[in-house]
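Undergrad: Pasting a structure below so you can have a look.
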């Protein structure tokens, strides 16, 4: 490949010699040096279009060459100098040569005489061939114009030729008609002769008949037209046309928004970045605006095409426009992928005062209409979904035989495919955004949140109980109010870590110095107090079984215990269920990594790749590029069978998949099908578990047969699993603390049948709470969740065999000559001898299957208890399955305890945790009213509004959020609690408006407005954004907003505060500000329910539940589950607000509420309309 240009020096020297002798212009000129800006006198010679310069006239070789073609030469002003040098400068005459080549600096020259300067300028201008170039361009334009004329004439000639052919055809047709008419006239001639001789009365009758026939014909056609206008087809076409008109209007508005973004922000900021003191760099401008200018150009073209089609009405063809647009919409992927980063860059740039001042100046432009730059940057994010919705509506009103039907369906499918790709890329960064938001809230920062594999699970307020000497808790201190204040902690649960923070008076979060960041791999969850532990008994009695412990055993420091207190049983069940699932998840992955890498020399990624069913698309499953918490590709589409298979796959304990499945399973299957699958897994694990799982288990077991090699590299990966913990009351099963030595205990019947029954050979060998099943990558035997750390227990040889708590645990003699398995003291692995290894395969599979079934059931019962309250048949089937599990003779004590706790949770009556129900408060509201608005303080009103809003909000069962039931005709029957929430919102808003309008004087109304704004601000401080919106929406009603005299009396501070509140809960940008506020706030909180209903409706409308092949759209289920989880997080954290009956009686008194018409009539009476 040629890397340089060959230069013929001899040719150049010959040309320089010719120029020096025969050049057009020769003489001495002063040339300005580029290095030091000094002037040097050189001898210049011009030959044709080449300018040579020499050191002097006698020099044989030129010092430089300039190619003048395409350059411009003009006189230049003298540079500014001091007064001493002005006289010398006035004698000099400057001119400048600007070259047309990129990157070549201009050449500055000067002469002492003006005439010589003009001659040089003219000679160089001629040598540049500028006149020839201009003439060439003019000729080229004329040529192009002539070519266009020729093409136009050709088209016109073709059109004329076609017209002539059509006219010839028309002439022939007219000739045929004339001949036919002449023949008819000849036949009718005798009739006309007779007609002239007819009676005048008959002529009148015939005229009347002719008139009647015409009237009847017109009436018939009128009826036909009216029938068509009223027909469903015409109605559908009208709706279709309206959709098209709305699309054109929306596209016009969108192009206008992009125009403002580019012309009012992007281009001015580019100019500012090029200034001497730039407030922003060019890189930051590119990072903020991305490819928005290209998007604007694209949509300007599309908009022009739409307007041209509308101009050709009623012939309206749109499909080909989408065909042109579709290939270009891929530019949106870059914008959507980097949108969040662009907002972060913008936020960082705003820290610069100069940039912030300049940006506010741009935003004050009248064209922006008060909108911020962030708002304009958000508009392109919703354009692709808007096109999908528009095409969906357009297809709903397009007949199947319509000419554009197939093209529009193709465009819709392509847009949906693009939307899915964009969603996958956005969902990858969604978790990172949440982690970064929490990391910014913590003053000290938290490096573990920068790990991309760290997935957020839940957050909330818990109370950390203090410990004193010997771990005993002080009863006096426990009941004091200081404990709630000093011990309140903001807790954040992630898939790998648990954060415990304190909140300062300024609202900032601080990590605890000790135990602020807990690694879940080092934690053991103790959910229920041990029956034999006196301290736990005392704590349980004091707190009503609301406390739980995390025993932390770091490898490089002493162990310690964190005792946390939940505000309610429901909250405790949610926390412990998620913590346990995360611990199981991380330890299962750790065990698989350890086993595969150190025993079979196969890494987990290779194991996943070896099972194509986990990552390769098939007819019944399709994967996305995103990985779940187990580093396995997420499912995009799948059949119900494949989803159930993933639910019971023993290799993975993915909490995100389990939450999504349990939230949305009723959309694509039934609870009976799920229960049947779980029962099959328990009863027939070998036939129900995927073959690849069995191969994994057995291959690992085979690799371990060679010896009793212990993994001494990573002992933490050998720790126990937190098996399904107790849910409600302590089990009567003996504590594992007293049964640490299972090796000396064996069942009598087991020892007799060990040789004949490989299944029961392991029944007596209860592993310690520290041990999983031996050297397998499957979820190990579920141990007790109430075990203390191993360093607090005695060595196995010092332990005394306990008194059995059940016949299955009764001690028995060991068969003579039978080898007894032992426990490794370092990592706690249960090691089987060679004689036992032949029969441990089936036992491992059965225990792992039982553990998975209990995990799913525990999660289902603790977090979705309403499924069993509303479905008695489901509840009985679960109870029957659990009772069958209890009858299993091979059941381990830990499994027995977990099963008993799930049964207890199912059997006990629903406890309300001393929380009020809305029905109780409504009954109280029927009592006579005791207080009025003026006697109640703003704090009392705000607290009770918050309490009522949260009670109504938390009463909504999550299944009402599925299927858009609130938008159906029978919405009252399908979603009664959502309708109650909506009605409560309207009643509270009406109460605020009615209370203000009851005052007759201006001052009282203004005082009421100020008090209600103060109530709304207190609601904001209490995180009750639903209450804020109730009050601000009431104040924005037309009946109150029009009262100018009243608003004139309201203070400026109140108006400014109201503007701030309205900005927080504004619906602009899909509640952008409210979403950001909710992301940074800690429960308890009452969000605005309408925001989530809008999101769910958007998801439901934009994507179907099933694909054309009948597969479940699990990507959609994941999005729905994400929203429901956020709602339930706010539902499960209660407010610690004392109920005041006198305030709630006032707030729920419907006799004080006026309807909209009454309010407006009263408003007109207070302040009549001004005459026009």
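Heads up, the Cβ atoms here are built off N, Cα and C, so glycines get one too.
Caution: TrEMBL annotation is automatic and unverified by curators.
Worth saying up front: this structure is predicted, and the values here are computed from it rather than measured.
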Undergrad: Using TrEMBL as the reference, determine which range in 109-146, 147-184, 185-222 is annotated coiled coil.
TA: 147-184
Undergrad: I need to check the long-range neighbours of the coiled coil (147-184): which residues 6 or more away from its ends have a CB within less than 8 Å of a CB in the stretch?
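TA: That would be none at all.
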Undergrad: Roughly where does the coiled coil (147-184) sit in mean pLDDT, to the nearest integer?
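TA: When the pLDDT values over the coiled coil (147-184) are averaged, the result is 91.
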Undergrad: Per DSSP, how many helix, strand and coil residues does the domain 'PH' (22-129) have?
TA: 23 helix, 42 strand, 43 coil
